[in-house]
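Read the structure below first, then the notes.
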(Lines of atoms letter the chains of each structure in order from A and count residues from 1; the text may use other names and numbers.)
(Lines give C-alpha, C1' and ligand atoms only; values in the text may rest on other atoms or scores of the structure.)
Protein backbone atom coordinates (compact mmCIF):
# COMPACT_ATOMS: atom_id res chain seq x y z
CA UNK A 1 0.00 0.00 0.00
CA UNK A 2 1.37 3.40 -0.97
CA UNK A 3 1.93 5.99 1.72
CA UNK A 4 2.18 9.75 1.50
CA UNK A 5 4.85 11.67 3.40
CA UNK A 6 4.17 15.33 4.05
CA UNK A 7 6.99 17.89 4.18
CA UNK A 8 5.68 21.13 5.68
CA UNK A 9 7.35 24.51 5.36
CA UNK A 10 7.26 27.62 7.49
CA UNK A 11 6.63 31.09 6.14
CA UNK A 12 3.74 32.00 3.87
CA UNK A 13 0.57 30.34 5.15
CA UNK A 14 -3.05 31.08 5.98
CA UNK A 15 -5.33 30.00 8.82
CA UNK A 16 -8.67 28.46 7.84
CA UNK A 17 -11.20 26.23 9.55
CA UNK A 18 -10.15 22.67 8.71
CA UNK A 19 -13.58 21.04 8.99
CA UNK A 20 -14.31 21.35 5.25
CA UNK A 21 -11.08 19.49 4.44
CA UNK A 22 -12.57 16.38 6.07
CA UNK A 23 -16.06 16.87 4.63
CA UNK A 24 -16.74 13.79 2.48
CA UNK A 25 -19.83 15.39 0.90
CA UNK A 26 -17.69 17.59 -1.37
CA UNK A 27 -14.99 16.57 -3.83
CA UNK A 28 -11.32 17.48 -3.94
CA UNK A 29 -11.93 20.08 -6.63
CA UNK A 30 -14.51 21.87 -4.49
CA UNK A 31 -12.20 21.73 -1.48
CA UNK A 32 -9.39 23.27 -3.50
CA UNK A 33 -11.60 26.09 -4.77
CA UNK A 34 -12.88 26.82 -1.26
CA UNK A 35 -9.36 26.84 0.19
CA UNK A 36 -8.18 29.21 -2.54
CA UNK A 37 -11.07 31.62 -1.92
CA UNK A 38 -10.52 31.53 1.84
CA UNK A 39 -6.84 32.34 1.36
CA UNK A 40 -7.50 35.62 -0.41
CA UNK A 41 -7.40 39.09 1.23
CA UNK A 42 -10.47 40.80 2.61
CA UNK A 43 -11.24 43.14 -0.29
CA UNK A 44 -10.25 40.80 -3.10
CA UNK A 45 -12.35 41.06 -6.29
CA UNK A 46 -11.94 38.95 -9.40
CA UNK A 47 -13.83 37.57 -12.41
CA UNK A 48 -14.31 33.84 -12.93
CA UNK A 49 -12.50 34.21 -16.24
CA UNK A 50 -9.54 35.61 -14.32
CA UNK A 51 -9.79 32.94 -11.64
CA UNK A 52 -9.25 30.12 -14.14
CA UNK A 53 -5.93 31.67 -15.14
CA UNK A 54 -4.54 30.41 -11.84
CA UNK A 55 -5.39 26.76 -12.50
CA UNK A 56 -5.16 24.14 -15.23
CA UNK A 57 -8.94 23.57 -15.03
CA UNK A 58 -11.37 25.26 -17.40
CA UNK A 59 -14.36 27.50 -16.71
CA UNK A 60 -16.83 24.59 -16.77
CA UNK A 61 -14.79 22.75 -14.14
CA UNK A 62 -14.66 25.87 -11.97
CA UNK A 63 -18.42 26.40 -12.24
CA UNK A 64 -19.18 22.79 -11.31
CA UNK A 65 -16.92 23.07 -8.26
CA UNK A 66 -18.60 26.29 -7.14
CA UNK A 67 -22.01 24.73 -7.72
CA UNK A 68 -21.04 21.77 -5.53
CA UNK A 69 -19.99 24.15 -2.74
CA UNK A 70 -23.28 26.00 -3.14
CA UNK A 71 -25.32 22.81 -2.84
CA UNK A 72 -23.32 21.67 0.20
CA UNK A 73 -23.96 24.98 1.96
CA UNK A 74 -20.50 26.55 1.82
CA UNK A 75 -21.64 29.16 -0.70
CA UNK A 76 -24.92 31.03 -0.49
CA UNK A 77 -26.26 32.75 -3.59
CA UNK A 78 -28.50 35.80 -3.10
CA UNK A 79 -30.29 37.70 -5.83
CA UNK A 80 -29.28 41.35 -6.07
CA UNK A 81 -31.52 44.17 -7.30
CA UNK A 82 -31.02 47.85 -8.05
CA UNK A 83 -32.91 50.72 -6.40
CA UNK A 84 -35.81 50.16 -8.82
CA UNK A 85 -36.12 46.49 -7.90
CA UNK A 86 -34.68 45.20 -11.16
CA UNK A 87 -32.55 42.06 -11.16
CA UNK A 88 -28.81 42.88 -11.15
CA UNK A 89 -27.16 39.46 -10.88
CA UNK A 90 -26.15 37.66 -7.71
CA UNK A 91 -24.19 38.08 -4.51
CA UNK A 92 -22.21 35.03 -3.42
CA UNK A 93 -21.34 34.57 0.25
CA UNK A 94 -18.61 32.02 0.95
CA UNK A 95 -18.24 30.40 4.36
CA UNK A 96 -15.72 28.10 6.03
CA UNK A 97 -18.53 25.96 7.44
CA UNK A 98 -21.68 24.69 5.66
CA UNK A 99 -25.08 26.18 6.32
CA UNK A 100 -26.35 23.49 8.70
CA UNK A 101 -23.28 23.92 10.94
CA UNK A 102 -23.45 27.71 10.90
CA UNK A 103 -27.02 27.64 12.15
CA UNK A 104 -25.83 25.99 15.35
CA UNK A 105 -23.19 28.66 15.96
CA UNK A 106 -23.50 32.27 17.04
CA UNK A 107 -22.71 34.49 14.06
CA UNK A 108 -20.86 37.72 14.75
CA UNK A 109 -18.54 40.11 13.02
CA UNK A 110 -15.55 37.89 13.70
CA UNK A 111 -16.87 34.80 11.92
CA UNK A 112 -14.73 33.71 8.98
CA UNK A 113 -16.96 34.37 6.00
CA UNK A 114 -16.06 35.51 2.53
CA UNK A 115 -18.37 37.51 0.29
CA UNK A 116 -18.02 36.40 -3.31
CA UNK A 117 -19.87 38.85 -5.51
CA UNK A 118 -20.81 39.09 -9.17
CA UNK A 119 -20.70 42.88 -9.30
CA UNK A 120 -18.93 45.62 -7.41
CA UNK A 121 -21.57 46.80 -4.99
CA UNK A 122 -20.70 48.10 -1.54
CA UNK A 123 -23.63 46.71 0.42
CA UNK A 124 -25.06 43.24 0.81
CA UNK A 125 -28.78 42.46 0.84
CA UNK A 126 -28.90 42.67 4.64
CA UNK A 127 -27.84 46.32 4.48
CA UNK A 128 -24.46 45.82 6.15
CA UNK A 129 -21.50 47.39 4.48
CA UNK A 130 -19.06 44.85 3.09
CA UNK A 131 -15.36 45.43 2.66
CA UNK A 132 -14.03 46.55 -0.70
CA UNK A 133 -16.78 49.03 -1.43
CA UNK A 134 -15.16 50.53 -4.51
CA UNK A 135 -13.16 49.33 -7.46
CA UNK A 136 -10.32 51.86 -7.25
CA UNK A 137 -7.93 49.77 -9.31
CA UNK A 138 -5.33 49.71 -6.53
CA UNK A 139 -3.44 46.53 -5.82
CA UNK A 140 -3.93 44.84 -2.46
CA UNK A 141 -1.69 42.63 -0.40
CA UNK A 142 -2.52 38.94 -0.36
CA UNK A 143 -3.25 37.04 2.81
CA UNK A 144 0.24 35.66 3.29
CA UNK A 145 0.44 36.21 7.02
CA UNK A 146 -1.54 34.38 9.70
CA UNK A 147 -4.63 36.56 9.33
CA UNK A 148 -8.24 35.49 9.08
CA UNK A 149 -10.50 36.72 6.30
CA UNK A 150 -13.68 38.61 7.08
CA UNK A 151 -14.88 39.24 3.54
CA UNK A 152 -13.90 38.89 -0.09
CA UNK A 153 -15.59 39.66 -3.40
CA UNK A 154 -15.38 37.81 -6.67
CA UNK A 155 -17.00 38.98 -9.89
CA UNK A 156 -18.10 35.96 -11.91
CA UNK A 157 -19.33 37.81 -15.00
CA UNK A 158 -18.16 40.93 -16.81
CA UNK A 159 -21.24 43.15 -16.80
CA UNK A 160 -23.23 40.83 -19.05
CA UNK A 161 -26.47 42.48 -17.92
CA UNK A 162 -28.34 39.18 -17.77
CA UNK A 163 -30.95 38.49 -15.17
CA UNK A 164 -33.14 35.81 -13.67
CA UNK A 165 -36.74 35.74 -12.54
CA UNK A 166 -37.25 34.76 -8.91
CA UNK A 167 -35.57 34.32 -5.54
CA UNK A 168 -35.39 30.97 -3.78
CA UNK A 169 -33.85 29.27 -0.80
CA UNK A 170 -30.42 27.61 -1.24
CA UNK A 171 -30.75 24.41 -3.30
CA UNK A 172 -30.73 20.95 -1.65
CA UNK A 173 -27.67 18.85 -1.03
CA UNK A 174 -26.25 17.14 -4.13
CA UNK A 175 -27.60 13.79 -5.27
CA UNK A 176 -25.63 11.08 -7.02
CA UNK A 177 -28.43 10.89 -9.61
CA UNK A 178 -28.37 14.56 -10.54
CA UNK A 179 -26.71 15.76 -13.73
CA UNK A 180 -24.87 18.99 -14.35
CA UNK A 181 -26.85 21.21 -16.72
CA UNK A 182 -23.78 23.24 -17.69
CA UNK A 183 -21.72 20.16 -18.57
CA UNK A 184 -24.66 18.58 -20.41
CA UNK A 185 -25.07 21.74 -22.47
CA UNK A 186 -21.43 21.76 -23.59
CA UNK A 187 -21.03 18.01 -24.07
CA UNK A 188 -24.15 17.40 -26.16
CA UNK A 189 -23.86 19.74 -29.12
CA UNK A 190 -25.35 22.98 -27.81
CA UNK A 191 -22.06 24.84 -28.21
CA UNK A 192 -19.96 26.89 -25.82
CA UNK A 193 -21.64 28.39 -22.77
CA UNK A 194 -22.00 32.14 -23.09
CA UNK A 195 -22.29 34.29 -19.92
CA UNK A 196 -25.88 35.26 -20.70
CA UNK A 197 -26.90 31.62 -21.12
CA UNK A 198 -25.12 30.68 -17.89
CA UNK A 199 -27.16 33.30 -16.06
CA UNK A 200 -30.41 32.11 -17.64
CA UNK A 201 -29.68 28.51 -16.68
CA UNK A 202 -28.99 29.59 -13.09
CA UNK A 203 -32.21 31.60 -13.06
CA UNK A 204 -34.24 28.61 -14.27
CA UNK A 205 -32.65 26.41 -11.60
CA UNK A 206 -33.75 28.98 -9.03
CA UNK A 207 -37.25 29.15 -10.51
CA UNK A 208 -37.57 25.38 -10.21
CA UNK A 209 -36.45 25.59 -6.57
CA UNK A 210 -32.97 24.23 -7.14
CA UNK A 211 -34.12 21.24 -9.22
CA UNK A 212 -31.41 21.26 -11.87
CA UNK A 213 -32.63 17.95 -13.29
CA UNK A 214 -35.59 19.79 -14.84
CA UNK A 215 -33.20 21.95 -16.89
CA UNK A 216 -31.31 18.82 -17.93
CA UNK A 217 -34.59 17.20 -19.02
CA UNK A 218 -35.36 20.23 -21.19
CA UNK A 219 -31.93 19.94 -22.81
CA UNK A 220 -32.53 16.22 -23.39
CA UNK A 221 -35.91 16.88 -25.01
CA UNK A 222 -34.36 19.48 -27.30
CA UNK A 223 -31.59 17.03 -28.26
CA UNK A 224 -34.17 14.29 -28.89
CA UNK A 225 -35.97 16.67 -31.25
CA UNK A 226 -32.61 17.47 -32.87
CA UNK A 227 -32.85 21.17 -31.98
CA UNK A 228 -29.64 22.36 -30.34
CA UNK A 229 -30.58 25.97 -29.66
CA UNK A 230 -30.95 27.57 -26.24
CA UNK A 231 -33.99 29.55 -27.40
CA UNK A 232 -35.80 26.24 -27.96
CA UNK A 233 -34.74 24.89 -24.56
CA UNK A 234 -35.84 28.16 -22.98
CA UNK A 235 -39.30 27.82 -24.56
CA UNK A 236 -39.63 24.29 -23.15
CA UNK A 237 -38.70 25.48 -19.66
CA UNK A 238 -41.11 28.40 -19.91
CA UNK A 239 -43.94 26.05 -20.87
CA UNK A 240 -43.15 23.69 -17.99
CA UNK A 241 -42.91 26.52 -15.49
CA UNK A 242 -46.24 28.01 -16.57
CA UNK A 243 -47.80 24.53 -16.36
CA UNK A 244 -46.68 24.13 -12.75
CA UNK A 245 -43.98 21.51 -13.26
CA UNK A 246 -42.04 20.93 -10.03
CA UNK A 247 -40.08 17.74 -10.69
CA UNK A 248 -38.90 15.27 -13.32
CA UNK A 249 -41.81 13.05 -12.26
CA UNK A 250 -44.20 15.82 -13.31
CA UNK A 251 -42.53 15.93 -16.73
CA UNK A 252 -42.90 12.17 -17.15
CA UNK A 253 -46.54 12.36 -16.10
CA UNK A 254 -47.15 15.08 -18.71
CA UNK A 255 -45.59 12.92 -21.42
CA UNK A 256 -47.70 9.91 -20.45
CA UNK A 257 -50.87 12.01 -20.49
CA UNK A 258 -49.94 13.43 -23.89
CA UNK A 259 -49.25 9.94 -25.29
CA UNK A 260 -52.53 8.65 -23.89
CA UNK A 261 -54.41 11.56 -25.45
CA UNK A 262 -52.67 10.98 -28.77
CA UNK A 263 -53.52 7.27 -28.73
CA UNK A 264 -57.12 8.07 -27.83
CA UNK A 265 -57.37 10.51 -30.74
CA UNK A 266 -56.07 7.87 -33.15
CA UNK A 267 -58.53 5.33 -31.76
CA UNK A 268 -61.45 7.73 -32.20
CA UNK A 269 -60.35 8.43 -35.77
CA UNK A 270 -60.23 4.71 -36.59
CA UNK A 271 -63.67 4.12 -35.06
CA UNK A 272 -65.10 6.98 -37.10
CA UNK A 273 -63.74 5.35 -40.25
CA UNK A 274 -65.34 2.03 -39.38
CA UNK A 275 -68.72 3.67 -38.72
CA UNK A 276 -68.73 5.14 -42.22
CA UNK A 277 -68.67 1.61 -43.62
CA UNK A 278 -72.08 0.73 -42.21
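Using the three backbone atoms N, Cα and C, a Cβ is placed for every residue, glycine included.
Curation plays no part in TrEMBL annotations; they are all automatic predictions.
Here is what TrEMBL says about this protein:
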COMPBIAS  121-132  compositional bias 'Polar residues'
COMPBIAS  140-168  compositional bias 'Polar residues'
COMPBIAS  262-278  compositional bias 'Polar residues'
DOMAIN    182-254  domain 'DnaB/C C-terminal'
REGION    93-179  region 'Disordered'
REGION    251-278  region 'Disordered'
(message) Please count the residues of the domain 'DnaB/C C-terminal' (182-254) that DSSP assigns to helix (H, G, I), strand (E, B) and coil.
(response) 52 helix, 0 strand, 21 coil
(message) On average, what pLDDT score does this prediction assign to the domain 'DnaB/C C-terminal' (182-254)?
(response) 90
